[in-house]
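First up is the structure itself, then whatever we jot down about it.
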Amino acid sequence: MQNSSSTSSLGPAGLDLSQAFFKPICNTEPPSPTKRHTKISIIGTGNVGMAITQTILTQDLCDEIALVDAKPDKLRGEMLDLQHGAAFLPRTKIKASVDYDVTVGSDLCIVTAGARQIPGESRLNLMQRNLSLFKCIIPPLAKYSPDSVLLIVSNPVDVLTYVAWKLSGFPSNRVIGSGTNLDSSRFRFLIADHLDVNAQDVQAYIVGEHGDSSVALWSSISVGGVPLLSLLERQQIAYEKATLEKIHREVVESAYEVISLKGYTSWAIGYSAASLARTILRDQRRIHPVSVLAKGFHGIHDGDVFLSLPAQLGRSGVLG
């Protein structure tokens, strides 16, 4: 499949008519060298990859998106479908190719490609199926975009973020896994649902593995800035540990429930990845629970382990 773009030429023999259509004004200067062209590459155009792409497009997070997939017909179809909505979206150039040279000069590379998790299958069981795939994905991304930030979404995300770090040769701050950013959103939703408040007013973190052994930080829960458990204790409101554990269990099992009902998860991880892209590309310096190199933290001293911890993110990736 040849590299396809959202820009096309009109006129005989593909003549570019843009110069003829617009007449330049007098005394102009070239664009400012400080004006930044932002490019995101998304690897994998399955349900997750396209949910991320659609969310990034509607939120106007970049100037150019490059899509890469091994299935040329599916890839071109997705590209055309998005391009046909151009009149309803912010102006974004969309390219697609089975070749990784389309990703050249990316600021952020989001990897979603991999085997789909089937009902009843744990994320760790996907490891062997996705490991060989990453050996074909990460090195060319590092080659064509050596200064980019890698955001890994494929599961098992913590292990594959480590694999991407090793294969890319990038510094650890520029290799990030989506981690428990989505788990924490599910956690906040369930707490907000119990309290009948907006989830955006709830602060709460799930850390550790993105999966069955994740850890709920109960002390991190606050609603409108008020620590929840401290408030309950001060007002002598009884609550049972079993209730808290039930909420955490719902967080862990929620992905399995969605997969059993519709066959896959897509929209929530799309929103989650787009929120990480916004924080990174716009240097927002927000705190997200994402998969990072955890060596030296919380008693982890031996070996290189990637786990989700609350991390400050910005243009250079993990700031701290």
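Backbone N, Cα and C atoms are what each Cβ position is placed from, and that goes for glycine too.
Just so you know, TrEMBL annotations are computer predictions that nobody has curated.
Residues or ranges marked as domain 'Lactate/malate dehydrogenase N-terminal' in TrEMBL: 38-177. TrEMBL lists Gly44, Thr45, Gly46, Asn47, Val48, Gly49, Asp69, Asn130, Val153, Ser154, Asn155 with the feature NAD(+) binding site. What TrEMBL records for 180-318 is domain 'Lactate/malate dehydrogenase C-terminal'. Annotated active site, proton acceptor per TrEMBL: His210, in sequence order.
Annotation: Gly44 carries the greatest number of neighbouring Cβ atoms among the binding-site residues Gly44, Gly46 [cut-off 10 Å, Cβ to Cβ].
Summarised by DSSP class, the composition of the domain 'Lactate/malate dehydrogenase C-terminal' (180-318) is 62 helix, 36 strand, 41 coil.
In this structure the alpha carbons, written CA, of Gly44 (NAD(+) binding site) and the residue listed as 'active site, proton acceptor' are 20 Å apart. Within its own chain, Val48 (NAD(+) binding site) has Thr112, Val153, Tyr264, Thr265, Ser266, Ile269, Gly270 as residues 6 or more apart in sequence whose C-beta sits under 8 angstroms from its own. Helix, strand and coil counts under DSSP for the domain 'Lactate/malate dehydrogenase N-terminal' (38-177) come to 68 helix, 26 strand, 46 coil. Comparing Asp69 (NAD(+) binding site) with the residue listed as 'active site, proton acceptor', their Cα atoms are 25 Å apart once rounded. For the pair formed by Gly46 (NAD(+) binding site) and the residue listed as 'active site, proton acceptor', distance between Cα atoms is given as 20 Å, rounded to the nearest Å.
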